[in-house]
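Accompanying notes for the structure given below.
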Amino acid sequence: MAEKVLVTGGAGYIGSHTVLELLEAGYSPMVIDNFHNAIRGGGSMPESLRRVQDLTGRSVEFEEMDILDQAALQRLFKKHSFMAVIHFAGLKAVGESVQKPLDYYRVNLTGTIQLLEIMRAHGVKNLVFSSSATVYGNPQYLPLDEAHPTGGCTNPYGKSKFFIEEMIRDLCQADKAWNAVLLRYFNPIGAHASGCIGEDPQGIPNNLMPYVSQVAIGRREVLNVFGNDYDTEDGTGVRDYIHVVDLAKGHIAALRKLKEQCGCRIYNLGTGTGYSVLQMVQAMEKASGKKIPYKVVARREGDVAACYANPSLALKELGWSAALGLDRMCEDLWRWQKQNPSGFGTQA
């Protein structure tokens, strides 16, 4: 019998790619999502997961649910026996978090506390949590390793991830039956090689690469580059971009780690290489064969100049490392964008 894994927020960008990898690895994923960042496909299924089913030839169990809905979560845990939970659900826009801090704390913190309480009540004490490199705040040194101080976060989104990390650490400390792997993501981009699933931001993209690809396809006129006066090679912000498929595979490695009764473990998921905004624009121009017009505007509140990972601990302890390079990230992103000019709303 395939081990059942609950995936919260599993219809979103990273979630759907992880569900696909779970299926390929022989797990049985059960997905809950509230459609905050997903588009409905046929019936009650999110379009992203409908396509995952098509790609894998396997079925995905799905229930529409909000992690703030305690009664629904209780029913779910009564009905199913989960080996582990992969927790993606939450709000995730840095800029919006500065504007709406209470929303971020309510959904991310309260939602996670409720989930952990229900997991505990049902004896499900294995967790993979999607954290973020934003917990490091302004880097004191680069590359960032897991020992770098956390908590100096520059926005409520990052703070919410930091608080959740601390809660999970305390929980594992208090009850040795808990095992948790906290994955600090750097900047996931790209799409599945089929071009059938990818990142489909609702409204104006907050992240660089979906915006760049929408400019390339003609959905948007010009890219805004937030600041060119940073202390970096070309003055634009530097980030560690990682292929979403590599990132998704990191979650499979994390599930394996839980089997070792690992307690609380924390890993960076990044490539170890930083690229600037303008380097990413050039890489996307190369992949798409399109010119990408841009204009420089003011810096964005809460953005740091440069941020990239030291991913060596994940290699050592999880046997995981990023395999797909920048060209591949951009080619896969462009294939997704070209095949789906309107994202998941594109009619086949």
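Glycine residues also receive a Cβ, built from the backbone N, Cα and C atoms like all the rest.
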Record-annotated NAD(+) site (Swiss-Prot): member among LYS78, LYS79, LYS161 besides GLY12, TYR13, ILE14, ASP33, ASN34, PHE35, HIS36, ASN37, ASP66, ILE67, PHE88, LYS92, TYR185: LYS161
Entries of ASN34, HIS36, ASP66, PHE88, LYS161 which, being binding-site residues, have CA atoms within 10 angstroms of SER132 (substrate binding site): LYS161
Pairwise Cα distance for ASN34 (NAD(+) binding site)/TYR185 (substrate binding site) [Å, integer]: 22
Binding-site residues compared (SER132, ASN224) - highest count of Cβ atoms within 10 Å: SER132
Integer Cα-Cα distance in angstrom, ASN206 (substrate binding site) to HIS36 (NAD(+) binding site): 15
Top Cα neighbour of GLY12 (NAD(+) binding site) in the set of recorded positions TYR157, TYR185, ASN224, GLY302: TYR185
Assigned element (helix, strand, coil) containing ILE14 (NAD(+) binding site), judged by DSSP: helix
